[in-house]
Amino acid sequence: MSVIRPSPIPIPRCRSQVLHRRLYSIQLIQRRRRRWNPRSEVEDTAIESTARSPEAAGGKMVVELVGAFNEVTERMNSVWLSTSSSRLLFKALKLSIPILQSLPLASDGRSPLSKALSLSIILADLQMDAEVISASILSEVVDANAISIYEVRDHIGTGTAHLLHEIFRVKNIPFKVDVLDDETAASLRKFYLTYYDIRAVIMDLVSKLDEMRHLDHLPRYRQQILSLEVLKIYSPLAHAVGANHLSLELEDISFRYLFPCSYIYLDSWLRGHENGSKPLIDVYKEQLHRSLKDDLVLAEMVNDVYIKGRYKSRYSMMKKLLRDGRKPEEVNDVLGLRVILMPNSVVNDVEVGEKACYRTSEIIRSLWKEIPHRTKDYIARPKENGYRSLHMAVDVSDSDQIRPLMEIQIRTMDMDGSANAGTASHSLYKGGLTDPKEAKRLKAIMLAAADLAAIRLKDISSNKHQSFKTTTNQRDRVFCLLDKNGDGMISIEELMEVMEELGAPGEDAEEMMQLLDSNSDGSLSSDEFDTFQKQVEFMRKWEDRDNEYKSLLDEKLHDLPHQDTTGLIQLYNKELEDRLSTH
């Protein structure tokens with residue numbers, strides 16, 4: 001494949017460099033352990049072979065490849081993780097990672113690889129399929145002119161290339177924010193959904209969300225222009241395709257940049273609903289979860305209970321305050337819980353599930369005061385679109401403080417799945433598409449696109465490549481993708497092939513094989529590769545923790561300089577920044 005690549009530019013503090021420092025640190029710790037406990041030497045042999053950091057470029061890329069694949073697939077719905085879809089995602093990552101690592105940092109300070117992985121994670125959380133996620137990753141490479149759509153078609157597949165073509169069509173829609181009145185914005189949203197692949201629209205929405213999360217480097221005027229575009233076009237569009245959480249986050253970020261003072265006021269008030277250092281919604285969530293788990297009657301009907309908590313979005317709250325003239329404490333549904341029950345009966349799970357929902361409502365009434373006129377029984381009387389759930393509102397005020405009402409939704413796992421699946425058709429109206437026939441047609445387009453992707457990625461059984469079982473975990477999946485001949489071992493030839501696909505010399509494969517092959521038999525077993533992946537997972541978690549601690553330290557240190565009369569805090573602050581910037 002002929003790929004035009006820019007001159008390699010060193011990327012400071014890239015993830016793979018940090019990962020390999022962690023590997024070396026693990027090795028030192030294990031050596032110290034061995035001095036105190038010689039008997040641990042045999043037990044640590046396999047891990048030590050992995051802990052020796054493979055400093056070659058190929059080894060670093062394999063670490064990045066395995067880590068990225070696992071991070072994305074563990075968030076995906078198992079329905080999408082067939083053999084074909086896993087291979088597709090793996091091929092896209094192999095093609096993209098070497099190129100993305102060689103590109104310069106973006107204007108927001110992130111590496112292109114970091115941005116590509118952020119997009120893929122959002123899409124995985126939205127339960128998009130491997131083809132959409134692969135196209136999203138590759139779009140960053142194509143956008144940098146490092147590879148063409150035609151090359152993607154030849155090396156990845158026609159379906160992915162088509163999606164890339166669609167996403168760039170969507171990105172190039174011309175419009176100006178100064179003419180985006182309500183009618184024009186509604187027409188533009190309808191144009192999006194009528195003339196473009198719905199999956200490309202979702203990819204564009206995710207790209208816009210990622211952009212909105214990193215606006216601080218832009219001038220104030222540009223931040224406001226983008227935020228207005230999001231409120232007029234992208235947030236309602238996200239609602240129209242059923243991505244409600246994405247829509248709410250887009251609204252809140254836009255609100256923060258357009259109306260910073262109002263946002264701070266509402267945000268401070270919402271955060272004031274805390275019990276000590278813990279958000280109030282978490283307190284209620286834990287209280288309800290304990291009560292449900294302790295109830296013996298409910299325990300006979302359900303295997304498990306899940307509870308989700310949420311605060312009303314800042315933008316949604318602002319609209320209610322301005323529209324109705326209410327005070328913040330008079331806004332209902334600021335707090336919300338959703339109880340999802342998993343019935344333990346297979347034969348009569350519908351009947352048992354309904355009884356469990358009503359039993360849950362009785363337990364809730366024993367904890368808080370119910371507001372009767374706010375109760376809506378959509379289980380006994382489902383909505384026209386088939387929606388079934390039990391809605392309640394309760395008063396959680398105590399003797400010390402009056403609090404807003406809390407809304408609680410109660411449903412079974414099946415009811416929740418049906419509600420989410422039906423979100424798209426219902427939200428097409430809220431997204432500004434008020435024609436029922438048009439909404440029904442657009443829903444059919446969305447379902448057809450999903451069916452087409454499922455058919456395209458359907459597994460074809462063969463003797464050479466076995467389908468993944470539903471119980472296959474993330475580590476086994478990567479091992480099977482590298483074990484191309486299916487003999488249960490990764491040979492030096494198979495490892496070398498991956499290295500070459502990543503653009504690294506074959507010698508790196510030999511070095512990495514020596515480091516990972518603990519029994520020196522010339523190949524990697526699933527256990528040896530599993531040890532390697534555990535190290536990768538361990539290091540990625542510690543890198544995230546390190547960044548978290550750095551932020552906390554920065555916050556603490558920046559709050560204290562005015563109290564420092566000796567200059568020691570400023571000195572320590574500078575030394576800390578210098579150390580962190582060199583590691």
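From the backbone N, Cα and C atoms, a Cβ is placed for every residue, glycine too.
Residues or ranges marked as transit peptide in Swiss-Prot: 1-58. According to Swiss-Prot, the feature domain 'HD' maps to 112-212, an assignment based on sequence analysis. According to Swiss-Prot, the feature site 'Required for ppGpp synthetase activity' maps to Gly309, an assignment based on similarity to another entry. Feature annotation from Swiss-Prot assigns domain 'EF-hand 1' to 470-505; the stated evidence is sequence analysis. What Swiss-Prot lists as Ca(2+) 1 binding site is Asp483, Asn485, Asp487, Met489, Glu494. Taken from Swiss-Prot, the feature domain 'EF-hand 2' applies to 507-539. If you look up Swiss-Prot, you'll see Asp517, Asn519, Asp521, Ser523, Glu528 marked as Ca(2+) 2 binding site, on the strength of sequence analysis.
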Distance [Cα-Cα, Å, rounded] between Asp517 (Ca(2+) 2 binding site) and Asn485 (Ca(2+) 1 binding site): 19
Env. residues of Ca(2+) 1 site, Cβ within 8 Å of mean position of Asp483, Asn485, Asp487, Met489, Glu494 Cβ: Leu482, Lys484, Gly486, Gly488, Ile490, Ser491, Ser523
For the domain 'HD' (112-212), the number of residues DSSP places in helix, strand and coil: 81 helix, 0 strand, 20 coil
Listed in sequence order, residues with CB under 8 A of Asp483 (Ca(2+) 1 binding site) and six or more positions away: Met489, Ile490, Glu494
Whole-number Å value for how far Asp487 (Ca(2+) 1 binding site) lies from Ser523 (Ca(2+) 2 binding site) (Cα to Cα): 11
Rounded to the nearest Å - Cα separation of Asn485 (Ca(2+) 1 binding site) and Asp521 (Ca(2+) 2 binding site): 18
Residue from Asp487, Asn519, Asp521, Glu528 whose C-alpha is spatially nearest that of Gly309 (site 'Required for ppGpp synthetase activity'), among the binding-site residues: Glu528
Cβ-centroid neighbourhood (8 Å) of the Ca(2+) 2 site, Asp517, Asn519, Asp521, Ser523, Glu528 excluded: Met489, Leu516, Ser518, Ser520, Gly522, Leu524, Ser525
